[in-house]
Amino acid sequence: MESRKGIKEVSMNFLDQLDAIIQNKHMLEHPFYMKWSKGELTKEQLQAYAKDYYLHIKAFPKYLSAIHSRCDDLEARKLLLDNLMDEENGYPNHIDLWKQFVFALGVSSEELEAHEPSEAAKAKVATFMRWCTGDSLAAGVAALYSYESQIPCVAKEKIRGLIEYFGFSNPEDYAYFTEHEEADVRHAREEKALIEMLSRDDSDKVLEASREVTQSLYGFLDSFLEPATCCHCHKA
């Protein structure tokens with residue numbers, strides 16, 4: 001009995017550490033999103049962000065596929081598949097919803113597709129992909145959890161800012177955020193359960209994945225507040 005209690009305490013402590021890492025670099029605390037919440041971003045900054053974020057939006061289903069294809073646990077695969085289907089199934093799917101947001105900012109389809117992603121955007125995607133294709137499935141799921149667990153409150157605040165400060169009135173224009181405000185509550189809950197289910201003496205990798213992902217998210221957002229941001233805005 002004592003042994004089981006000990007195992008549970010270690011597990012809870014491990015998951016608490018994971019959440020602490022995420023909270024320490026929560027995206028809502030980043031100056032870029034704080035400016036978004038206060039209406040202090042320019043339209044050009046939002047356009048640059050929307051175009052550069054597109055690389056991650058397109059890659060997200062691949063992160064899920066990389067983990068799903070290597071997972072032997074049937075129940076875990078079902079949860080991963082549900083998340084993947086949420087991303088890609090139906091019309092509009094999540095990529096389509098992101099495009100609706102981009103177009104509402106005045107960016108054309110041609111401009112979006114021709115955009116050359118920044119080094120920060122590439123680094124973020126590479127970080128996710130490295131963990132999702134690595135030798136620890138739990139660490140791969142932790143990379144996703146470190147992102148998706150933040151999204152519901154981030155999406156809610158983004159919607160408020162878009163309506164209050166940036167003239168968004170058509171719900172279709174911010175439907176991407178509405179969808180994720182709801183769906184990622186479930187995704188994060190399932191991912192946390194998967195981390196505990198799949199973890200095999202690799203808690204250090206799980207925590208390292210979270211540290212690297214949260215740092216890459218901050219690095220990406222940093223790039224829109226630097227003097228070089230204007231380069232994002234004028235790239236094709």
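Keep in mind that glycine also has a Cβ here, set from the backbone N, Cα and C atoms.
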Worksheet, complete the sentence: Fe(2+) 2 binding in Swiss-Prot involves Glu87, Asp184, His187; of Glu116, Glu119, Glu148, Glu157, the partner in that site is Glu148
Practice prompt. For the recorded Fe(2+) 2 site formed by Glu87, Glu148, Asp184, His187, name the remaining residues of the chain with Cβ within 8 Å of the site's Cβ center, in chain order.
Written response: Asn83, Asp86, Leu144, Ile151, His180, Ala183, Arg186, Ala188, Glu191
Worksheet item: In sequence order, what residues of the same chain, 6+ apart, have a Cβ less than 8 Å from the Cβ of Glu87 (Fe(2+) 1 binding site)?
Response: Phe60, Pro61, Leu64, Asn93, His94, Ile95
Fill in: Which listed residue (His94, His180, His187) has most other Cβ within 10 Å, given these are binding-site residues
His187
